[in-house]
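Notes to accompany the following structure.
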Amino acid sequence: MPNQNLINLRERITEIDEQLLTLLSKRSDIATEVAKTKLALHKPIRDEIREAELLSALIEKSNALGLDQNYIARVFRLIIEDSVQKQQKWMNQELSSTDSSASRVAFLGPKGSYSHLAARAFGHSHFDKTIECSCHRFDDIFEMVETGHAEYAVVPIENTSSGAINEVYDLLQSTSLSIVGEKIMPIEHCFMGIKPINLDEITTVYSHPQPFQQCSQFLSKYPHWKIVYCESTAAAMEMVYNEQNSSHVAIGSEAGGQIYGLNLIEKVPTNQGQNMTRFVVLHRKPKTIPLHIPTKSTFLMATGQHAGALVEALIILKNHNIVMSKLESRPMKGNPWEEMFYIDVQANLISEEFQEAITHLKSETRFFKVLGSYPVDGILF
Ligand SMILES: C=C(O[C@@H]1C=C(C(=O)O)C=C[C@H]1O)C(=O)O
């Protein structure tokens, strides 16, 4: 016979839990109202400043109430994450009911940049009509898609010579968008000019610092060339076109140069034989990829800070026979001494083994989020 005191106490807990549920449901309804307002105001769903203010106020209050602040931070991060997901889902439904036939693709401009070429290649291979949305900054690209001003974003994530593009990794931490494709583009630098000339006729070379760095060995053979740094390879090509001086050339892509009416003079060898950039395609809704298509998935996780925490998480992948193809880490937003891990695996979100691994990983990590499953190298399903 259970003790009456215990029964009474449990009744009180049950009652409080029910009140918590009602409050969570009320909070969630208000979040949908917030999403409606944001859609009307063209604002993105996620507001990191508001989240940080909310969390620090709650942590302060939790101290005063004698509650553990890590526990409170974890609980409220989960509540906020759920609220963001719900709002994004609601916004997706609204936007898909007013979808236009043309697809808008956002990328880092200006036109003629390598990102533009990647966005264009993606658009051409998937839609009848693409509207190109050139943006000045990476966060503008994410915002365009989050707010429904564009359907897809094409952003570079890593380059074989210069490594990870940290700004993009950091934006992936807080975005509500999903990765739905990847595209690996060879980056071939070319001398582009207003007419074909011999290399010894060149006097001035325009480009972005990166191509200069990537081609430095070849360029050192021509020490008399004047080097002029520009904001982008596209800006360099525009400059050469505007000057109409045949001894001035730009280093950029052949296709980018054609946009500015320039001709290919010669390809420029890079110091490292193969120069490639991997782009990812982002969309508001995740895609389901059939199991027979070779698929990759990317997820984020933050492990606990005890010894061997990362190893334990990776062993879960091994135990489920999941091959990891990439591991990157970046400081966690709002918590710079903790690391967020970005992991690419050769697995499909709908596969049984990956689902099982996810269940285990969720129980072993402090934060876990799948960014998406997508066909290997470029084919958007
Ligand atoms: C509800 C909002 O949207 C998002 C969700 C939040 C929350 O659930 O508290 C806070 C900020 C936003 O990232 C909001 O902007 O207030």
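Glycine is treated like the rest: Cβ placed from N, Cα and C.
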**Prompt:** Among Lys38, Lys61, which residue does TrEMBL name as a further substrate binder in the site formed by Arg10, Arg27, Asp47, Glu51, Ser83, Gln87?
**Reply:** Lys38
**Request:** Could you say whether, by DSSP, Ser83 (substrate binding site) belongs to a helix, a strand or a coil region?
**Result:** helix
**Filtered recorded positions, from Arg27, Lys38, Ser83, Thr277, whose Cβ is under 6 Å from an atom of ligand 1** = Ser83
**Request:** Go through Asp47, Glu51, our binding-site residues, and report the one whose Cβ sees the most other Cβ atoms within 10 Å.
**Result:** Glu51
**Request:** Over the span of the domain 'Chorismate mutase' (1-91), count residues by DSSP class, listing helix, strand and coil in order.
**Result:** 78 helix, 0 strand, 13 coil
**Asked** Could you give the Cα-Cα distance between Ser83 (substrate binding site) and Thr277 (site 'Essential for prephenate dehydratase activity'), in whole Å?
**Response** 34
**Fill in**
Comparing local Cβ density (other Cβ atoms within 10 Å) for the recorded positions Gln87, Thr277 points to Gln87
